[in-house]
Amino acid sequence: MKKSSDKSPVRQHDTATQINSDAVSSSTSFTDSDSTCSFLTPSMEFPDRISFRRIDFSEAAPTGVVLPSTSSELTRSNSSENKIPNEDISVSTSSRYLVFDKILALMKKSPGRRGDKTSPARRLDRSDAVRRNIDYDAGEDSSSLLITRSLDFPNRTSFRVDGVDDGEIDRIYQYIGVSGPEDFAISSDAWKARMEHERSSSDVVNKLKSLDLDSREAGPSGGVVASSSMNHKFQGHDLSEAGSIGVVVASNFTLSESNKIENLNSLRDKEIVDGDMVENRCGIERKPTILVKSRGYLVHNDDVGVGGGIKGVRPPVLNVPRADKEVVDGGTVESKSGIEWKPTILVKSKGYLVSNDGGIKGVTSPVLNLRPTDKEVVDSGTVENRRGIKGVRPSVLKPPPVMKLPPVDLPGSSWDILTHFAPDSEIVRRPSSSSSSENGCDEEEAEDDKVEKEETGDMFIQLEDTTDEACSFTTNEGDSSSTVSNTSPICVSGGSINTSWQKGQLLRQGSFGSVYEAISEDGDFFAVKEVSLLDQGSQAQECIQQLEGEIALLSQLEHQNILRYRGTDKDGSNLYIFLELVTQGSLLELYRRYQIRDSLISLYTKQILDGLKYLHHKGFIHRDIKCATILVDANGTVKLADFGLAKVSKLNDIKSRKETLFWMAPEVINRKDNDGYRSPADIWSLGCTVLEMCTGQIPYSDLEPVEALFRIRRGTLPEVPDTLSLDARHFILKCLKLNPEERPTATELLNHPFVRRPLPSSGSGSTSPLIRR
């Protein structure tokens, strides 16, 4: 900035004054938002004196920076109070330029000057004020004033939660300024109040819609509703003469002059209170057309006189829809909107529905034909519900016949075998399905008694032999079975036990119970098999009835190689099966005591085939061919025992099922229907039995029962030693064909060389087939 070349005092004075004004205007001062801060500003007067005045900056902006925009703050101190007489400073002409230089330096350092690139001066903050012992009294709302507008809205609008740190959610709450998820919750009281408000508003709208608003220019009245001017406040109307209706509706809800309601949805913005002035939510004042009740009529409020009467012609009564009525028998009914109406009520009088006018007057009202909903109509008569029968009593319908279920052969399936390997507590017994049939053994007695008899799937037998015959056999009689005492066994055929008997010593433990020797009163010895009923559970009675019916049929079989059944008896806890007594025991006991040669094995095999041929021809399947179930008498005659009992799975204990597994055919284990137990299954068991007699060991003797089960299922044959004769090996392998259709029948096997070899001669001349050492 150039200095003026003019040396006159007047020009120098004017120049200094202008420079001083610019310097002061570029100076800065600081204020606090909570208190007023003032400072001394130099007021220069040239050429006389330099004085100072105090300037108040209480009107400063919140930013804390005050920039004087005019030079009015620099005033000449001509008055006596602005001068400082004791501190006057004389300014010479030589020192004036020094002052100007200082002012210019100050102007260059000012941060508010344009084009200045120097760093701004340090800002005065509250910490400096405390150091300088300046008293500072912060107000209660000082913290809120310091927050700028930019801090009201966080600059971060999205957050990512990785789930690694446990404090991520807490930091988000802290960032947005809440303490936790509870700050977002709505209190139950506020929610209930809001719901009550919405419910009351919707009820009012429903009531207004139910009225015929088109026939009249208003609805029900009785309160105050504010409407229809945008520029006026609400005005309340006293409608105490309207009665106890309690509802006021404005008809001109739009800003037009028409009194009709053009938009019922505008009612959602109103809150109607009985007898009080109500303001709508939008704050818009409207002038309603109000209807009031006067002597039973709804009329305009302007037509009601001082005494409550109606001016001019009485208007017609509004037609309120029937849907708003609640009809109560014998009294006046109020509609839902609170308006009293006198409906036509029908009451029941002497069986007729008539008008409730205090009785039937004049012409009797027509009777309504109501359908007798409390009656039940039957083809042969009318039955009145819960009031007894009037008229002809209907006939009782005959129940439909019992549905016959297809017979199912459940015992011996692979599932039953697997479950029997489990402990006793884990075994789940299967219920047997049954259907009705008749007993062919005693048809005349069944016809006389007319008792329905049942056929159980467990007792169904399907066979296939040389004649391809198949038949089913009955079991028990349904409800006609009677309890037999110990002294009166069931008589089924000749040779049965008809007198009392006594149990003797134990002979052996059979597959289905213990076998004892017994004697009758006539001195006849026989064997009795004792089966415990306690082991059969809740289905013991059904199981025993099935077994009794089966034994009744087996008792009719007569063959030298078949063990004869002689009847049954039972008491409270046991079932007794009477059998033919065989003293020498089973083949299992025999080959354990003696060494049996091939010739004797061939003889026993021929007798077994004779017995199987007879059973298959009669329609029976043994199901349990093995050495333990084949008995030998004192003459060396082989007898098949325990046949037929294996069909009743309830009588099979766990031990017998494990032992029977080693002789089972693969189709029996893998079967899915009744085709598993057919005559070829007995042929497979016969081959295992011959192998057992030849080796003195049961088949699959080196395997556990479960492992043997899977071996048989996969079709793995038992080991046949090479030490056996060729005929014996060929006979065994012929019986152990995996395909049941490839196995020969019992009749065909009787022609095999293994069973047709000649019998050895006996030195004693005995005709017994048993060869003694």
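Glycine is no exception: its Cβ is also placed from the backbone N, Cα and C atoms.
Swiss-Prot annotations:
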- 1-35: region 'Disordered' (REGION)
- 1-14: compositional bias 'Basic and acidic residues' (COMPBIAS)
- 21-35: compositional bias 'Low complexity' (COMPBIAS)
- Ser79: phosphoserine (MOD_RES)
- Ser150: phosphoserine (MOD_RES)
- Ser365: phosphoserine (MOD_RES)
- 426-455: region 'Disordered' (REGION)
- 440-449: compositional bias 'Acidic residues' (COMPBIAS)
- Leu507, Arg508, Gln509, Gly510, Ser511, Phe512, Gly513, Ser514, Val515, Lys529: ATP binding site (BINDING)
- Asp624: active site, proton acceptor (ACT_SITE)
- Ser768: phosphoserine (MOD_RES)
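Here the Cβ of Leu507 (ATP binding site) has 18 other Cβ atoms within 10 Å, regardless of which shown protein chain they belong to.
Counting only the Cα atoms, the space from Gly513 (ATP binding site) to the residue listed as 'active site, proton acceptor' is about 15 angstrom. Of the recorded residues, Leu507 (ATP binding site) and Asp624 (active site, proton acceptor) place their C-alpha atoms 20 Å from one another.
In the three-state DSSP classification, Asp624 (active site, proton acceptor) falls within coil.
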